[in-house]
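So TrEMBL has the following annotated:
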BINDING   B:E74, B:L82, B:V118, B:W403, B:G410, B:V411, B:I412  FAD binding site
BINDING   B:Q189, B:G190, B:N191, B:V192, B:R233, B:R234, B:E245, B:G410  NADP(+) binding site
DOMAIN    B:44-200  domain 'FAD/NAD(P)-binding'
Amino acid sequence: MAASAAVRTSVGLTLKLSRIIPDCSSCPLYGSKSCVRSATNSQRRSSQDTFRIIYRHLQTSIGLYHSDDGSSNTEDPDDVVNVVYVDRTGQRIPVQAKVGDNVMYLAHKHGIDLEGACEASLACSTCHVYVSDAHFDKLPEPDEREDDMLDMAAMLQENSRLGCQIILTRELDGMELTLPKVTRNFYVDGHVPKPH
Amino acid sequence: MCFQSYFGHLLWGPHKIRSRAVCGPRAPSCPWLVYTLFSSCSPKVCVVGSGPGGFYTAQHLIKARPDVELDIYERLPVPFGLVRFGVAPDHPEVKNVINTFTQTAKHSRCNFYGNVNVGRDVTINELKEAYHAVVLSYGAEGNRTMGVPGEDLAGVYAAKDFVGWYNGLPNCRELNPDLSCETAVILGQGNVALDVARILLAPISMLKSTDITQPALEALAQSQVRRVLIVGRRGPLQIACTIKEIREMVNLPGTKPEMLPADFEGISEVLKDVPRPRKRLTELMLKTALETPGEKELERRKSASRSWGFRFFRSPVEVLAEPRTNKTSAIRLAVNRLEGSGADAQAVLTGEVEDVTCGLVISSIGYRSLLIDPGLPFDSRKAIIPNSMGRIQHTPGVYCSGWVKTGPTGVIATTMNNSFDTARSMMEDMDSGALDVSAVKSGSQSITALLRGRGVKPVTFADWEKIDSVETKKGEAEGKPREKLLSVEEMLQVAQT
């Protein structure tokens, strides 16, 4: 049936998009042939095709930021760098990364909503992050051009950096990268709109 | 339709499916609700304007809600607004954001309809009928005028039109600015003013590998403009541009700065308490204006054939014309003094005036939003649509984002935050029920039928990609990233054959 096929695809996608596992027990399709997690549904292709076409874009992370971190699957322990992103809702997202990873593209790879409008060209400030104090001083000094772009970021702090300019090293293990909460009070709290 | 309501349909017989009644309190994390295919549960939103305001709002909505379907309407056959027509040709990295917007446009739940003039081809009321929510992101296509005598003389242009001319905005292609004079005066000191100054003085070798239009490139190659003054009403601490643009002027090959040290008296003393962005910018200006340059810089300045400078505490009073030709010959400026300090300092007339010889006057004192539908509220003093967090006053179901919401200032990042904010307001309203998304809406089906009946043929995103491909190929032949098509007719010809 069209509806169940659509449900099946939607479920698969939602699972991929979010890290939340749905509570299957509350669903009437649980255990039925229509359940996406059922082993028997792999035979039912035809009606699924239409939906696959419609939903294929959803398969990849919305915002589709290509990963620039030259990822391989090596799990060399010397290469591992653990960092934590704190997203705009305050949720902590631990990420296991590698030496050489770019903080902005790493965020994209893990579905964290860090924008990167100019694609790491030092021509915007949308990848602005706050770096944990313990690690801030371990970063190399910013290029003058990075400082120029940071000057345009909202809610600039002492520990502000552009995510696209942070490359992971072993020293940065445990670093926390907090996304600025650009809140509803963005304009109300006296902030002056930036010049253009 | 959501599967629960589908089963409900089976169990209780055919009836108008109301998602809330059948699905119960909205459970956004429930993965079993399928919205897109069966219209009753999918909120349909339309966005008017395809610049950063529109696209960032669309992006946020699509990402945050798996059920929203979005249609973006754009007046021109080509998308991207000021990213295409405002960002300077020598700032190609700023245009990388087009890749993000392209992904949004090609998303299965997003559709682009170019060549549709909202206000003329279709009204806001018709959009409100067809969609659960309408977002106005049509920016600021008008100008603030200086309001001085002589503003209509040959040789006086709005910066918006000058920028539109070198960036290929179709209704600016006949501008033909007269570049046969030695001095140009730009009123205003925002980033647009700095862009204009830089494009006027940049070496042609720098410009010819950008996406500047061919006619503009040829005109600039013949230009006799050698000196550009960028004039502001207030002082150095109130300058509106950002440090990147000042640095580009300071480093512009073939040019030297020409500042008046007296303008900077007392400035360095107040700097220590000033926030970092303002401090760094002012320090750069001070260095350029007051520091004795090193040998290398001295040599560079000696061989520079072009010059530029800021002039402060001056307001335009009149543009003067050469009596025989009626062409611009000078601009009369009133001398100001400052009352107060910092961002709130006011320029007060002293009574003195000063005439500056020039043949080109470009007023860069602000863009201005226009009212596209008389049914909408409009604040004509601020030239914005009155709103609260993006919700248009007295107009439920209609929102705004981008410059039409906050006024025409801000870089792309600012507009991004502003648009995300509007999207959040919309989501709050959907969740609380303030925005009713339960009724069935016809969305683009009815609007495209309406447009067809009116002889309007929308340009799809795939059609734009044909234009994109033609422009890119033409550019390749000239060593440029693209050679823009300059008229709507040419664009439609490529798009719709």
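Cβ from N, Cα, C; glycine included.
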Among the binding-site residues B:Q189, B:N191, point out the residue whose Cβ has the most other Cβ atoms within 10 Å, with all shown protein chains included in the count.
B:Q189
If one measures from the C-alpha of B:V192 (NADP(+) binding site) to the C-alpha of B:V411 (FAD binding site), what distance in angstrom results, rounded to a whole number?
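On Cα coordinates alone, these residues lie 11 Å apart.
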Are any of the binding-site residues B:L82, B:R234, B:V411 near chain A, where near means a Cβ under 8 Å from a Cβ there, and if so which?
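Near chain A, the qualifying binding-site residues are B:V411.
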At its widest, how many Å does the recorded NADP(+) site span between Cα atoms of B:Q189, B:G190, B:N191, B:V192, B:R233, B:R234, B:E245, B:G410?
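Spelled out: the longest distance between any two Cα atoms in B:Q189, B:G190, B:N191, B:V192, B:R233, B:R234, B:E245, B:G410 is 20 Å.
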Using the alpha carbons only, what distance in Å do you get between B:Q189 (NADP(+) binding site) and B:G410 (FAD binding site) once rounded?
14
What is the total of other Cβ atoms whose distance to the Cβ of B:R233 (NADP(+) binding site) is within 10 Å?
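Around the Cβ of B:R233 (NADP(+) binding site), 22 other Cβ atoms lie within 10 Å.
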Any same-chain residues 6+ apart from B:V411 (FAD binding site) with CB under 8 Å of its CB? Would you list them in sequence order, or say none?
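For B:V411 (FAD binding site), the qualifying residues are B:N191, B:T242.
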Quick check: of the binding-site residues listed here (B:E74, B:V118, B:I412), which one has the Cα closest to that of B:E245 (NADP(+) binding site)?
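Closest by Cα: B:I412.
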Long-range same-chain neighbours of B:L82 (FAD binding site), Cβ under 8 Å, sequence gap at least 6?
B:G51, B:P52, B:G139
Tell me, if you would, which residue among B:V118, B:V192, B:I412 (binding-site residues) has the fewest other CB atoms within 10 Å in the structure shown?
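Per-residue Cβ counts within 10 Å for the binding-site residues B:V118, B:V192, B:I412 bottom out at B:V118.
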Mind telling me which of the binding-site residues B:E74, B:E245 has the densest Cβ neighbourhood, counting other Cβ atoms within 10 Å?
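Highest number of other Cβ atoms within 10 Å: B:E74.
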Pop the mean pLDDT for the domain 'FAD/NAD(P)-binding' (B:44-200) in here, whole number is fine.
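Reported value for the domain 'FAD/NAD(P)-binding' (B:44-200) is a mean pLDDT of 97.
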Find the shortest Cα-Cα separation between B:V118 (FAD binding site) and the binding-site residues B:G190, B:R233, B:R234, and name the residue that gives it.
B:G190
Based on DSSP, name the secondary structure state of B:I412 (FAD binding site): helix, strand or coil.
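Assignment for B:I412 (FAD binding site) reads helix.
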